[in-house]
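J.: In case it helps, Swiss-Prot gives these features for our protein:
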SIGNAL    1-18  signal peptide
DOMAIN    25-248  domain 'Peptidase S1'
DISULFID  CYS31-CYS162  disulfide bond
DISULFID  CYS49-CYS65  disulfide bond
CARBOHYD  ASN102  N-linked glycosylation site
CARBOHYD  ASN120  N-linked glycosylation site
CARBOHYD  ASN121  N-linked glycosylation site
DISULFID  CYS141-CYS209  disulfide bond
DISULFID  CYS173-CYS188  disulfide bond
DISULFID  CYS199-CYS224  disulfide bond
Amino acid sequence: MVLIRVLANLLILQLSYAQKSSELVVGGLPCNINEHRFLVLVYSDGIQCGGTLINKEWMLTAAHCDGKKMKLQFGLHSKNVPNKDKQTRVPKKKYFFPCSKNFTKWDKDIMLIRLNHPVNNSTHIAPLSLPSKPPSQDTVCNIMGWGTISPTKEIYPDVPHCAYINIVDHAVCRAFYPGLLEKSKTLCAGILEGGKDTCQGDSGGPLICNGQIQGIVSVGGDPCAEPRVSVLYTKVFDHLDWIKSIIAGNTAATCPL
């Protein structure tokens, strides 16, 4: 069964494909407190997602993480013992890749959020660079999030977990996800033998390759971390012109809320 990486099992979203709860990093280890300064914890209408700060006023997450009431937490490591420089924001405006909320295609699961107030760079807060070029096959990339660390049980950690996975041939994902186009604006990434994966609660979080955000956690298998079932990540590089255009003030070709 195809799994959308969202936390609440009872949440019903109007998508054109089957879904379940969002996902956490399985097979990883607790992240170092200083290696995820860009990572955002998103609470959206009772569900948990991840996100990525790309400059002091803008962040990226998955479109399916959208909600009427969203709280965005920056500079967080331990949820139980927050860092002193933790900052909380809400969206000032949300932008979806032209009408992506319809979810008629796999490659539109991206949301650009303008914060109600800029965040201040600090010990635990700093943006992640946008991609200068797309990653090649077999590139080693990092995934991270507060999602569940068990592929079959909901065991959520206090601190984000990190793991390394690889960019894999897109044919691997096309074999598992019906209707996925060969030239889809997505990346296929994982470990072919299984054991490492994003899982429930990780939706919207980053796929980081060579120090840049290359993907956004979108869709995966259920249970998580199964062999030869890689995760689909929205390909940030293919949305780069749109992202830069929105930030520059050109909102004509989008569906803002």
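The backbone N, Cα and C atoms fix where each Cβ goes, and this holds for glycine too.
Just tell me what is around each of these and how deep it sits.
T.: Residues near CYS162 (disulfide bond) in space but far in sequence (CB under 8 A, at least 6 apart, same chain), listed by position: VAL25, GLY28, LEU29, PRO30, CYS31, ASN32, GLU35, HIS36, ASN142, ILE143, MET144.
Taken residue by residue with DSSP, CYS65 (disulfide bond) is part of a helix.
Shown in sequence order, LYS56, GLN87 are the residues of the chain, 6+ apart in sequence, with a C-beta less than 8 angstroms from the C-beta of ASN120 (N-linked glycosylation site).
Secondary structure at ASN121 (N-linked glycosylation site), taken from DSSP and collapsed to helix, strand or coil, is coil. The Cβ of ASN121 (N-linked glycosylation site) has LYS56, PRO127 as same-chain neighbours under 8 Å, each 6 or more residues away in sequence.
In this structure, CYS141 (disulfide bond) is part of a beta strand by DSSP.
In the three-state DSSP scheme, CYS188 (disulfide bond) is classed as strand. In sequence order, ILE167, VAL168, ASP169, HIS170, VAL172, CYS173, SER230, VAL231, LEU232, TYR233 are the residues of the chain that are 6 or more apart from CYS188 (disulfide bond) and have a CB within less than 8 Å of its CB.
A coil conformation is recorded for CYS199 (disulfide bond) in the three-state DSSP classification, outside any helix or strand.
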J.: Need one number: mean pLDDT over the domain 'Peptidase S1' (25-248).
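T.: Within the domain 'Peptidase S1' (25-248), the model's average pLDDT equals 91.
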J.: Cα-Cα, whole number of Å: CYS224 (disulfide bond) versus CYS65 (disulfide bond)?
T.: 19
J.: Measure the Cβ-based neighbour count of CYS49 (disulfide bond), defined as the other Cβ atoms within 10 Å of its Cβ.
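T.: Around the Cβ of CYS49 (disulfide bond), 32 other Cβ atoms lie within 10 Å.
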